[in-house]
Every structure is written in structure tokens, then in C-alpha cells.
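The next block holds one structure in the form of C-alpha cells; read it before the comments.
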Amino acid sequence: MEQTLNDLVCELRQQNNGETRRPNVNSTNQASLTERFMKLQPPTFVGAPKIMQDTITNKQITSPTTAAATLRLFFHDCFIEGCDASVLVSSTPFNKAERDADINLSLPGDGFDVVVRAKTAFELACPGTVSCADILAVATRDLVTMMGGPYYNVKLGRKDGFVSRASSVEGNLPRPTMSMTHLIKIFAFRGFTLQEMVALSGAHTIGFSHCKEFSANIYNYSRNSQYDPTYNPRYAEGLRNACADYHKNPTLSVFNDLMTPNKFDNMYFQNLPKGLGLLSSDHALYLDGRTRPYVEMYAANQNAFFEAFARAMEKLSLYSVKTGRRGEIRHRCDAINN
């Protein structure tokens with residue numbers, strides 16, 4: 001990152017004077033694969049919790065971007081066809097799958113990899129018992145908690161979906177350039193309230209975004225300004241320097257949360273009033289009168305954010321799940337069974 005961004009981070013951390021300390025949350029030791037999911041029979045064989053915990057811990061240590069990658073992957077999965085691991089399916093000569101839709105091409109490989117690793121371990125230990133959908137749901141929760149975020153219940157028994165089409169994706173996932181009204185409609189269509197939408201947006205407290213996602217905001221923005229004036233000026237200059245070569249190197253990226261990028265906390269919301277949001281949709285959350293009260297509430301109270309995020313994630317994890325004959329337990333997460 002450019003020195004200008006580093007200087008700004010140091011100054012703002014001093015101003016915060018330790019306010020970013022994480023409160024006590026439930027331990028990841030509470031995570032298990034033994035919780036009942038309605039009338040379904042979740043996998044309960046001995047060793048399942050250890051397989052899951054060992055897999056995600058080893059992956060996160062090796063690749064620190066895994067938590068954010070998995071959280072984003074889970075969101076993209078659930079919003080299309082429900083939480084059924086349809087985003088994990090690979091395309092074939094006869095079908096272009098969800099993961100190859102334009103908006104999903106930037107999904108980091110670490111999210112896919114942690115699910116594949118866990119699935120492989122489960123299939124070796126007890127074949128045909130644990131669905132890819134359940135693995136993705138539990139891995140997301142455990143990784144969020146590992147990063148300092150709240151623990152929440154994940155009920156089990158999901159089946160993996162039979163359908164994965166790229167054509168189902170466009171227009172059904174939020175994009176940073178969408179208007180706030182459009183974003184609200186996308187969430188409302190799936191039964192999420194305004195407050196739940198803002199809470200889920202707090203997932204941007206970890207992870208990164210590619211420069212191309214916000215380049216229009218920081219280069220040649222208007223006749224009067226090189227960058228969107230809603231950005232903190234020094235932050236905008238730092239972004240311009242960090243992304244200077246993004247045309248030549250499309251993999252260039254910047255942390256979503258400038259201040260504590262590797263910690264799940266409420267700093268994302270504290271950043272927004274200071275002009276330190278990265279994406280257009282981040283700025284819009286604070287600028288729009290419908291969402292601003294929730295931004296201010298979560299910025300002032302991390303416990304309130306954690307509680308709201310946990311409830312929203314529990315709700316999301318149950319969205320349009322497949323059960324019974326509506327799904328299957330795949331042998332491999334990237335292919336529907338024959």
C-alpha cells in the first residue's frame with residue numbers, strides 16, 4: 001500500500017485511541033455439526049467437528065484471505081437459488097454455471113478451496129454424509145468467528161442443489177454501482193429488512209476489492225474533481241496511487257476496511273462518516289437517509305452490530321434451502337451427481 005494510506009491509518013488509529021478492541025464473543029469451540037435443522041437429519045458422525053475445525057484453521061493460517069473469500073462465496077451462493085452450493089458447480093460443455101457469471105469471476109479461489117478440502121476429508125471419513133451446502137455454511141460461520149466476529153447458530157441438513165446457471169445471476173446480486181433503491185429491492189425480494197441489509201453490508205469489514213470496482217470514482221470523476229468528493233481527500237489520493245497500474249494488472253486490489261482489514265469488527269461503519277468507504281455502495285449507506293441511522297448505530301455500538309449481523313446470517317443461511325428430493329449430497333462439490 002502507498003505511504004499516504006499508511007500515514008492516514010496511523011493517524012486515525014491514534015484518534016480512535018483503542019476503541020476498536022473486540023468484546024468477548026462466544027468461542028469457536030461451540031461450533032459443531034450436531035445442531036438440528038428442522039425435521040432433517042444432520043451429519044452427526046464422530047469426528048465431524050474436528051475435521052471442519054482442522055480444515056478451516058489450516059487453510060486460514062496458510063491463506064489469510066480465506067475468511068473473507070468464504071463469506072463472499074456464501075453470500076453469492078445463497079442469493080442465487082438459495083443456500084445449496086450451486087455456486088460451487090463447474091461449467092460443462094452443455095451448461096454455463098453460476099461461478100462463470102461475470103460478477104462471480106472475481107470470487108477468490110480460497111473460498112472454493114476450503115470447501116473442497118473439507119468435503120474431501122468428509123468423504124474419506126464417512127462418504128455421502130455431509131453436503132457441500134452445509135460445509136460452506138459452517139465454514140463461513142467458523143471463519144467469521146475466527147476473525148473476531150460473532151458466533152451464530154448454523155442449523156444443518158441442507159441438500160446440494162441440482163441447478164446452477166450463470167443466466168440466473170445477473171441482476172440478482174448487489175453491485176457496488178447500483179442505486180440504494182435498487183439494492184434495497186434486491187434484499188427485500190429475499191425477505192431482508194433495511195436493517196438486515198445494512199448489518200450484512202458490515203461483512204466489508206474484512207476482505208478486499210479489485211481496483212476496477214471503484215476506479216471510476218477515483219480517476220477523471222468529473223470536470224471539477226479527479227475523484228468522488230465523498231472520499232476523504234488523502235484516502236482518495238492513496239487509492240489513486242495504489243491502483244495506478246490496474247489497467248496493466250487487473251488483480252490489483254485494496255482492503256475494504258482501511259483501518260483493521262484483518263479483524264471482524266465495526267470499524268467499517270466507523271470509516272463511512274469519515275469518507276473512508278471504498279465502494280460507491282459503501283458511501284451510499286451513509287449518505288442515504290434510509291440507511292444512515294443504522295450505520296451510525298453500528299459505528300457507535302459494536303455489540304449491536306454483532307447481534308444484528310448474527311441474526312441476519314442465521315436468516316440468510318436458511319434462505320431457500322433444499323431438502324428431501326429437492327436436492328442431493330454431492331460426491332464432489334463442483335459437479336452434480338449423475
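A Cβ is built for glycine as well, from the same backbone N, Cα and C atoms used for every other residue.
His76 (active site, proton acceptor): 22 other CB atoms within 10 A of its CB, across all protein chains. Feature annotation from TrEMBL assigns active site, proton acceptor to His76.
Positions annotated as Ca(2+) 1 binding site by TrEMBL: Asp77, Gly82, Asp84, Ser86, Glu98. Around the Cβ of Asp77 (Ca(2+) 1 binding site), the number of neighbouring Cβ atoms within 10 Å comes to 30.
Annotated substrate binding site per TrEMBL: Pro174, in sequence order. Note on Pro174 (substrate binding site): other Cβ atoms within 10 Å of its Cβ, all shown chains, come to 19.
If you look up TrEMBL, you'll see His204 marked as heme b binding site. The Cβ of His204 (heme b binding site) lies under 8 Å from the Cβ of Asn256, Asp257, Tyr268, Leu278, Leu279, Asp282, each of these being in the same chain and 6 or more residues away along the sequence.
What TrEMBL lists as Ca(2+) 2 binding site is Thr205, Asp257, Thr260, Asp265. A simple way to gauge crowding: the CB of Asp265 (Ca(2+) 2 binding site) has 24 other CB atoms within 10 angstroms, across all the protein chains here.
If you look up TrEMBL, you'll see Cys78-Cys83 (among others) marked as disulfide bond.
Here Cys333 (disulfide bond) comes close to Ala85, Leu88, Val89, Val115, Val116, Lys119, Cys132, Ile135, Asp160: these same-chain residues lie at least six apart in sequence, with C-beta atoms under 8 angstroms from its C-beta. The annotation disulfide bond is assigned in TrEMBL to Cys132-Cys333 (among others).
Residue environment of Cys211 (disulfide bond) contains 23 other Cβ atoms, counted within 10 Å of its Cβ in all protein chains. According to TrEMBL, the disulfide bond annotation covers Cys211-Cys243 (among others).
For the domain 'Plant heme peroxidase family profile' (32-337), the model's average pLDDT works out to 93. Taken from TrEMBL, the feature domain 'Plant heme peroxidase family profile' applies to 32-337.
Taken from TrEMBL, the feature site 'Transition state stabilizer' applies to Arg72. The Cβ neighbour count for Arg72 (site 'Transition state stabilizer'), using a 10 Å radius over every protein chain in view, is 20.
In terms of local Cβ density within 10 Å, Cys132 ranks first among the disulfide-bonded residues Cys78, Cys83, Cys132, Cys243. Across the binding-site residues listed here (Asp84, Glu98, Asp257), the residue whose Cβ sits among the most other Cβ atoms within 10 Å is Asp84. Spatial neighbours are here defined as Cα atoms within 10 angstroms of one another, and by that definition the neighbours of Glu98 (Ca(2+) 1 binding site) among the recorded positions His76, Cys243, Asp265 are His76.
Sequence-distant neighbours of Ser86 (Ca(2+) 1 binding site) (same chain, six or more apart, CB under 8 Å from its CB) are Asp77, Ile80, Ala97, Glu98, Asp160, Gly161, Val163, Ser164, listed in sequence order. For the pair Cys83 (disulfide bond) and His76 (active site, proton acceptor), the C-alpha distance works out to 9 angstrom.
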